[in-house]
Amino acid sequence: MKKNFLKSSVENASLNILLQIAFRCLTFVVNAFVLRHVSQNEIGITNVRLLLLESTILFLSREAFRRACLTDTLHHNWPKVINLIWFSVPLCAIICGVCGYIWLRLLSQPEITVTTYYEFGVWSIIISCIIELCCEQLYIIAQAFLFVKLQVVLEIINIAVRTIVYTTMVLYWNGQNAVLAFSFAQLASVIAYTMSFYIYFWYYTKKSTKDFPFKTMRKFFPSFIGRKLSECVDFPLLMLLWSFLKQGFMKQLLTDGERYVMTFFNTLKFDQQGVYDVVNNLGSLAARFLFKPIETAAYFYFSQLVQREVPIQTQIKQDANRIKEAASVLECLLRVNSSIGLIALSFGQAYAKLVLFLYGGSTLATGIGPVLLQMHSLAILFLAVNGITECYAAATMNVAELNKYNVEMVVLSVIFLFISLLFSTFFGGIGFIFANCCNFTFRIIQCGRYILSQYKNTDYNPLNGLIPKKSFICCLIMSTIVSMYSEAKYYEENKLTHIVIGGVLFLLTTSVWLYEEMPTFKFLTKVYCSKHN
């Protein structure tokens, strides 16, 4: 079955972006309402302590399997790949045991006056992670065989169940027992997500699909093909998996480093963690709406077009158009992401206080919150660039390059944790954002060097996508100055005027950007249409 990878990647990204916008708008409104009923201490426990446990377990358990098993899917021996994927479940159980002991026995426990359901919350995360890993092989198959709409629908189910259960229970208990409500919502959403996967594929295997290699549900479970390990699993994928596993530990430290520091070293109290998390979530809306689905689709796209073990020069000789397309798409994605990051940086300076006021009320808009959000708008720019460069590097590096990159990540992780601890001790929550900016900068430099070396002595330089147009930069500078003047003059007296001025400036800036980048969007549209036809 010849797959159209670019078409699928574009569909996947676009549908996920629309999904994220629709449901994040819904959850944004719901969270703004709930935020006025739940204490900042409980927000700190659920959104920092417990969600850190979930992200740690899931990232270490499944990220490496997804990256390895979605490489060159056209040539997979699927029974061996299925066997390999199921190793993620016992791995998850081991990680759950270690992390559960740390979260319940070694970390400081919340006071009884804050919540009495912390231990139940930890167990709910552990159980939900194991349940979710039991459908990991179905997720990878859905990705490999381009079940784009299925993944969107299941994500809708996951978010909807989580939001409905959590909001209903919080309102029923009048803002009390938010940790307990979070725990039940976590379990309910994961169970619904997993069951939906199995129900769909049970139905799909009943249909007569010649190109689909899984004819019965039994094919989705492990099978003993031979006595030796190499006979039961895909050994080259196993080696690639091991490289990603080693990289995963370091990447997780870099991704959630500030949460580990504030959790293990108690640099912030639970209520301060709650404020930081609210600001971080607001500042990360662009990452969740746009950057993450784009990165997910881009990784799959690049992993199919660019061969890991073959030099670019050799691939150009074999199929120059394919590599030209990959380099051009990379350049376009860098240009789009970096432009979005610059817009966020420009308008984040003058509208941070207003956004926090509208979202969480006057309490959230006073104190350190607005400064945190202003600094976070700078981190968005680095995050936008790092996401694309890192996903391309991870999708195209060979095993030796991945191992070298892992060593560099170890050094970088140690430096990042030290900087996070040092800056947060002196500057509080702002120090974490400074440390994150340093972290993203180092990672961008690493991946940028790899991209430059890969395309050395070729006609392509995808990093040109990082250079914005002069008129766009001038427009951003003007918008920043005018909007900051508007905040100083109108915020206290007439917020509506401040909002109108910001809206006009935003339309002007985005119009200039879209006009200048019209060739970029025309190219992506042309490539998409050619693949579609």
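Each Cβ is built from the backbone N, Cα and C atoms, and glycine gets one as well.
These figures come from a predicted structure and were not determined experimentally.
Residues or ranges marked as transmembrane segment by TrEMBL: 21-38, 81-104, 120-140, 152-173, 179-203, 224-245, 371-389, 409-442, 496-515.
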Count the Cβ pairs between the transmembrane segment (409-442) and the transmembrane segment (496-515) that lie under 8 angstroms and are 6 or more residues apart in sequence, then report whether there are at least 3. no
Stretch with greatest number of CB pairs under 8 Å, the transmembrane segment (120-140) reference, 81-104, 179-203, 371-389 candidates: 179-203
Folded-back contacts onto the transmembrane segment (81-104), same chain, C-beta under 8 angstroms, at least six residues removed: 49, 53, 56-57, 60-62, 65, 68-69, 119, 122-123, 126, 129-130, 133-134, 136-137, 140, 219-223, 225, 232-234, 237-238, 241
I need to check the long-range neighbours of the transmembrane segment (371-389): which residues 6 or more away from its ends have a CB within less than 8 Å of a CB in the stretch? 275-276, 279-280, 282-284, 286-287, 291-292, 294-295, 298, 330, 333-334, 337-338, 340-342, 344-345, 347-349, 352-353, 355-356, 429-430, 433-434, 436-437, 440-441, 443-444, 447-448, 451, 466
